Amino acid sequence: MTKTVFFAILLSGIATWLIRVLPFILVKRFTLPAWLIDFLSYVPVAILTAIYVESLLTYHAGRWPSVNLPNLLASGPTFLAAIVSKNLLVIVIVGIASMAVLRALGWG
Amino acid sequence: MDDELTWRSGFKDVLPTIFGYIGIGLAFGIIAKAGHFSVLAAVLMSLIVYAGSAQFVMVSMLAAGSPIGAIVLSTALINARMALMSMTVAPLLQEESMLQNITAGTLLTDETFALTMNKLNHTGHTLHSRWLHAANIAAYLVWAGATLAGAMLGQLIPNPADLGLDFAVVAMFIGLLYLQIITDRTHPRRRQVGLAVFVAALMVVLMRFMPGNLAILAATVIGCLGGMAVKHRD
């Protein structure tokens, strides 16, 4: 491992750690104002939607994003599994199997 | 998922997310090795940086000879959304010691955050650090182990993508998003669904102008502000 790789890992690790931990330290020290608590109450659904939709799109600099078709197609059975089972393990297994089938068919 | 907040319950609840960590961890190990990184470098990256998409970006930037400052800045931008997740979890552990808070924050990921949000719907919106530690530590060890396996055995094991394992993480987010919308009573269901549709549309528009990781952060912030505005109007 070169010195550059090591320091890139170490400094990126420290930066990521601070991003993760500072909010915990600040919230422990200070009480959050009501508007911020209201704001944060929307974070779960908003961020989960954003992370999911990001996986359906492919970024191209300066153009509109294109659709990631395999991920979109595998989402169908996965959503169905979510509605029917309401069980995370079942949902994940159906998702993996759907994508495996798509790839075996050469559509993935 | 039930209302238990024990260590055992934490290990049990995190189980469905393990496939995602294995799929992406293996893929990361294989790609890092293919990019001429040592096994040690790949595992250290997973142990010290511990952030899926940022690690893939780091590997490609290091391979391209990018300066360290640019690499650290990119990593920080990709992971900036973690601050929103930490800030959402932190008030739930406010009564616990600073050490417990720092430990919980150190190992929080997209996955264990989402799992925690689902868990709250079963516990009357209370949390205990030991449940989160159990989920976090299991996720961390599986991630490091999968990276090690991918980097060491990359050529021997079948491509995780052929087995559909790369989709495990997406499937998990579909599940957690759906379960969050049907069980979260913080806001009326109509508003939660409206928020999801609004954020999805924002993502398409924002990704015209910025990469996905930044779009996630921007869409979340705008989406939450939108939620606040709608609530005031209702």
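Keep in mind that glycine also has a Cβ here, set from the backbone N, Cα and C atoms.
Summarising the annotation, TrEMBL assigns transmembrane segment to B:14-32 (among others).
Beyond the transmembrane segment (B:39-62), the same-chain residues lying 6 or more positions past its ends with a Cβ under 8 Å from any Cβ of the stretch are 24-25, 28-29, 31-33, 70-71, 74-75, 78-79, 82, 107, 109-110, 140, 143-144, 147-148, 150-152, 169, 213. Residues or ranges marked as transmembrane segment by TrEMBL: B:39-62 (among others).
The transmembrane segment annotation in TrEMBL covers B:68-93 (among others).
Under the heading transmembrane segment, TrEMBL lists B:137-157 (among others). For the transmembrane segment (B:137-157), the residues of the chain that approach it from at least six positions outside its boundaries are 10-11, 14, 17-18, 21-34, 37, 39, 42-43, 45-47, 50, 107, 109, 111-112, judged by C-beta separation under 8 angstroms.
Residues or ranges marked as transmembrane segment in TrEMBL: B:163-181 (among others).
The transmembrane segment annotation in TrEMBL covers B:193-209 (among others). Cβ atoms under 8 Å from those of the transmembrane segment (B:193-209) belong to residues 177, 181, 187, 215-216, 218-220, 222-223, 226-227, 230 of the same chain, restricted to positions at least 6 beyond its ends.
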